[in-house]
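Structure first, then comments.
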């Protein structure tokens, strides 16, 4: 039974004796009025509904789409969504109830307090662990893509370790080892008591001393690798622009002759026209490219000119062969290094960085206010504000993932195409358009004549 005693209308002390004989002495540093309850309740309900709706929509979108569902990285995103939903439906839901009943349900039921506290601890630490392994997965996928390619076993192993770490974090207070679960009026939910400094010291050391620094180091390596790939692509593009296309022979009349075997390519033929994309790095300059020489000069200097012509032609061919070898070497060393992949990796890396920044910004004030080592005289409003900000992290995670993923945005448009003002646009995949780093010369010619000759 709970007895509420008001002292000078400033402090409310709640004493509760549960059937198990545990005594809860909790000081509430405010006398809640209807206005305070309304403000706290409305703001928390908005956060609760936002987190619930956004996470459910994101989960349904991934599970319904075969392409999204088969990507191993999205399995980690699904695990993150599950943890956010766990925080929403356990800790946040009972906080909403506690705002309006002043925590009577959790104060009077020690079992309910332990259940909700344990669930909140598991899902909270599972959230941190999942973002940590999302970071590791991105690091391996970008920096060590050839040595550690994405695999089903690796993703399942990451998810399994996430849950093991979360359960290990939540178990000690459940069995009253190092700490205990109690209702905190400033947070409106049950958490491990903050007075157990040893338990929180271990947790803070693991989270902010190991997990967060490792994530920062990993994304630093990812950004550095992507930057290096961009610079390499730019240098490769400059080299390509300085060469000439393969399969094209230039003549003195200023025309380009394209061999007949190129026009039989089924990938480049159209009904009325053919777009021939010729790589500038593969051209071989024909011998008859040089201008004609007067007959008298040819008679007197034929030996010298022929030798010079052969030398120049050999230099050009050697230059092309060297460029081709370098290109093959780059492709062999970096087979995935294309601009599309770099852009995709940048978007995924930026998504991970935003997730890391969001969880740190949302939860750091909560830990600082309740820290055993920092003497902060926090009032009720500060405790509520930091707790609400921590809850908002469950709403921000799916929003970040949605905004940074083009495929998910397209699925959202298809899902809400019935709403006025929202059009369903299909996602184009497998585009064959030339990319900026592959320097190309596009020549449009009729499909019938052979051989094809195009005037430059």
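Note that Cβ sites are derived from N, Cα and C of the backbone, with glycine treated the same way.
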Quick check on the annotations: TrEMBL lists transmembrane segment for one of 75-97, 236-258. Which range is it?
75-97
Name the residue range among 294-340, 341-387 that TrEMBL annotates as region 'Disordered'.
294-340
Any contact, the transmembrane segment (348-369) to the transmembrane segment (156-178), with at least 3 Cβ pairs under 8 A:
no
Could you tell me what the rest of the chain brings near the transmembrane segment (381-403), counting residues at least six beyond its ends with Cβ under 8 Å?
30, 40, 43-44, 47-48, 50-51, 54-55, 57-58, 77, 80-81, 84-85, 87-88, 91-92, 95, 127, 184, 186-189, 351, 354-355, 358-359, 362-363, 365-366, 369-370, 409, 412
Averaging the per-residue pLDDT over the domain 'G-protein coupled receptors family 1 profile' (54-401), what integer do you get?
77
Quick test of the contact rule: Cβ under 8 Å, at least six residues beyond the ends. What residues does that give for the transmembrane segment (117-136)?
73, 76-77, 79-80, 82-84, 86-87, 90-91, 158-159, 161-163, 165-167, 169-170, 173-174, 181-182, 189-192, 207, 211, 214-215, 218-219, 352, 355-356, 359, 393-394, 397
